[in-house]
């Protein structure tokens, strides 16, 4: 077995230096595989997707001595969002840079630092507990920031086919608000999107009696939908939200009544609602307004919730030990790959660095919070797997 590894900071810098914009992995997972194989991990690289959007996935596992031991999975993504205008960055987004006690680079917060902390925590844990009772696994994908069709969801199907048992999973999403460990996510709302196409009759704007304006037709329905209380939420989730993201209509000419209007919208829904009930209720409003329409629905993910149990207790205790903070359980924010893992794993929790700069110009993490995050992951391993 190799000697103790370099710091999580050094590994984070190596990962940031790889320009892995979705769906590219740019060698990030190969670097991780090299390190984990040295620790006795069985590594499987799984590629999927069409030729013009090839996704790289990784499943790595180190079995424990006990068949009944706790299997803890660390999950993350090696892909990052595009940089945006390079001229607005203070330094090259794919050259890790240090300023004011911060590590800068695309993926620094979301989520290459988390991956580095996971890997080094695993290495240190295996060195200290080479005959650990439970099992340790790592799941990585290069398709989380994109359509997420060929990433974690494909690995989950593969795991199901193999009959793998997972007991708990920590997703390294940047969940912290002001300081590392102050908030973790024990669930996420569901996401249901729709594209509504309302049919009208195109015509000259001076002869409205010979046309049918779809904008005028849909406007009262939209006004009603904005006012609907879809549910009241519950102790774990805020009320379901319905938001319009895009409106499209018109030919660009100022004297033409359009023939159709397109409305893109999204539900972020709690466990008090289902995709089916939301679809039915929205259609009822549209029908009541007498619209001629079609809707294409896309279910991004159903809500999931991990109630307090062995994983939240171990992670919360680790955070308290390392930082002195009592963490807050939350389900706010967007979706993550936790929604896919939750279909095969009874306990899924997200824990990572401060999220204030994610997806932004000059993305960064505080260097002083990298080692504590690694220690949180290692302490959780000790509590569940040793």
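Glycine residues also receive a Cβ, built from the backbone N, Cα and C atoms like all the rest.
According to Swiss-Prot, 77, 110 bind Zn(2+) 1; the candidate from 13, 173, 224, 235 that the record adds to this site is 173. Together with 110, 359, the Zn(2+) 2 site in Swiss-Prot holds one more listed residue from 145, 328, 382, which is 145. In this structure, residue 145 (Zn(2+) 2 binding site) belongs to neither helix nor strand by DSSP; it is coil. Taking only the Cα positions, the spacing between residue 77 (Zn(2+) 1 binding site) and residue 145 (Zn(2+) 2 binding site) is 8 angstrom. Less than 8 angstroms from the CB of residue 79 (active site) sit 20, 21, 22, 23, 24, 25, 141, 142, 143, 144, 145, 146, each of them six or more residues away in the same chain.
The Cβ centroid of 77, 110, 173 marks the Zn(2+) 1 site; residues of that chain outside this set whose Cβ lies within 8 Å of it are 76, 111, 114, 144, 145, 171, 172, 174, 336, 352, 358, given in sequence order. Other than the site residues 110, 145, 359, same-chain residues with C-beta atoms no more than 8 angstroms from the centre of those residues' C-beta atoms, the Zn(2+) 2 site, are 80, 81, 107, 111, 358.
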